[in-house]
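Per TrEMBL, the features are as follows:
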- His89, Asp122, Asp185: Mn(2+) 2 binding site (BINDING)
- Asp91: active site (ACT_SITE)
- Asp122, Glu157, His435: Mn(2+) 1 binding site (BINDING)
- Glu156: active site, proton acceptor (ACT_SITE)
- 199-356: domain 'Peptidase M20 dimerisation' (DOMAIN)
- His218: site 'Important for catalytic activity' (SITE)
Amino acid sequence: MDPKLGRMTLKEWVAIESDSVQPVPRFRQELFRMMAVAADTLQRLGARVTSVDMGSQQLPDGQSLPIPPVILAELGNDPTKGTVCFYGHLDVQPADQGDGWLTDPYVLTEVDGKLYGRGATDNKGPVLAWINAVSAFRALEQDLPVNIKFIIEGMEEAGSVALEELVEKEKNRFFSGVDYIVISDNLWISQRKPAITYGTRGNSYFTVEVKCRDQDFHSGTFGGILHEPMADLVALLGSLVDSSGHILVPGIYDEVAPLTEEEINTYKAIHLDLEEYRNSSRVEKFLFDTKEEILMHLWRYPSLSIHGIEGAFDEPGAKTVIPGQVIGKFSIRLVPHMNVSVVEKQVTRHLEDVFSKRNSSNKMVVSMTLGLHPWIANVNDTQYLAAKRAIRTVFGTEPDMIRDGSTIPIAKMFQEIVHKSVVLIPLGAVDDGEHSQNEKINRWNYIEGTKLFAAFFLEMAQLH
């Protein structure tokens, strides 16, 4: 593969502002354009492509927006070969140069071997690396070692709207011949050592609304005679987690899987330079001092993060306002064997208890807006072996066997609906900054990642 060719396409793909998070028509048009470009790319490869109409999405404010199509594509249907299905997404998180990007987020910019741009690592780069690996066999006029299928969506960052229904519907059609499912939508745990991921945390996202009235108040006129919604909310949010990261919701740790000796040894084997990790994260001190504790609290223990407050005054300057209504947002990363609906009950009960003790006349409403289960796989499955061998071939090293602290709901969904082995083969380095300002993928990772996927096809063919 000519790396310039791959980069040109990545540049074109990054230039499309396929933001699925902000529900506005302009971004939806960009998403439709992105999916059309991808479908065209796959057709030019010789794939049989179906763009599935996903209907429309009703938003809380009453407006309706079209959902971008999901691409189902297939290359090869040789019954003697294994069939590998690749999942990827082409939507991105919001990005604005004014938010602290050093370059325009939608112009792929190379600096010191790093390719900066929104979607470069999450997830346009990895999707293109897989396509480039396939096209390498095409360019060499070689038969593909395995049959390949693609499922590519444009709503992952917004919770994969309507995707589960589609997978359910296609499980005995599109997925019937699939042997293995590969996802490349996360990162290594180091800057230079590749990894294979066999588990992810789930996520329960909550809002807690405290309301006195629709309008704000003047603090000179009303300060001192009200139960202020902001004071209630700050107390509620402050009751959720302590300064050592321990979640204070009663019963929350009851279902967490017990720690085994074997599991502790897997953490010991992982290469993680804590100093480098801390420096690249630009953090002065973590909550824990050892590699094993850090990894366990990222992967196998739940965490609670407070994300923001809607309705609060957050502009520069001094405005003496008492917000009449505020909404706090927080989420809990779930681990095996925590249950989403149990967590929802525990959190709601806890906040109701805290609120009742304040004797406030305000109204409080707790809602769980997202509930995604954790996922864990069997590392002895064929494709884990193939991925290990491919990494040895391309990188000359054993991979780190890792879990991911974030949530990739699609992994759990495929495992439960399609009943096929799922592997996560990340391409990006730990400092790629997905979802953050200055997201990037290293040129080296992008090119070596493409080789890795090609080697993986060959290893899968041998092991199948």
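Each Cβ is built from the backbone N, Cα and C atoms, and glycine gets one as well.
Annotated Mn(2+) 1 site Asp122, Glu157, His435; additional same-chain residues within 8 Å of its Cβ mean position, judged by their own Cβ, are Val92, Gln93, Gly119, Asn123, Glu156, Glu434, Glu439. Here His89 (Mn(2+) 2 binding site) is positioned 14 angstrom away from His435 (Mn(2+) 1 binding site), judged by their C-alpha atoms. Close to His89 (Mn(2+) 2 binding site) in the fold, though at least 6 residues off in sequence, lie Asn123, Val127, Ile152, Glu153, Gly154, Met155, Glu156, Glu157, Ser160, Asp185, each with a CB less than 8 Å from its CB. For His435 (Mn(2+) 1 binding site), the Cβ neighbour count at a 10 Å cut-off comes to 15, with all displayed protein chains included.
There are 26 other CB atoms within 10 A of the CB of Asp185 (Mn(2+) 2 binding site), with all protein chains counted. Here Asp122 (Mn(2+) 2 binding site) is positioned 9 angstrom away from Asp91 (active site), judged by their C-alpha atoms. Apart from the site residues His89, Asp122, Asp185, the chain places the Cβ of Gly88, Asn123, Pro126, Val127, Glu156, Glu157, Glu434 no farther than 8 Å from the centroid of the site's Cβ atoms, the recorded Mn(2+) 2 location. Counting Cβ atoms from all protein chains shown, the residue listed as 'active site' has 25 others lying within 10 Å of its own Cβ.
Along the domain 'Peptidase M20 dimerisation' (199-356), the predicted structure has mean pLDDT 95. Taking a C-beta cut-off of under 8 Å and a sequence gap of six or more, His218 (site 'Important for catalytic activity') has these contacts in its own chain: Thr320, Val321, Ile322. When each of the recorded positions Asp122, Glu156, Glu157 is scored by how many other Cβ atoms sit within 10 Å of its Cβ, Glu157 comes out lowest.
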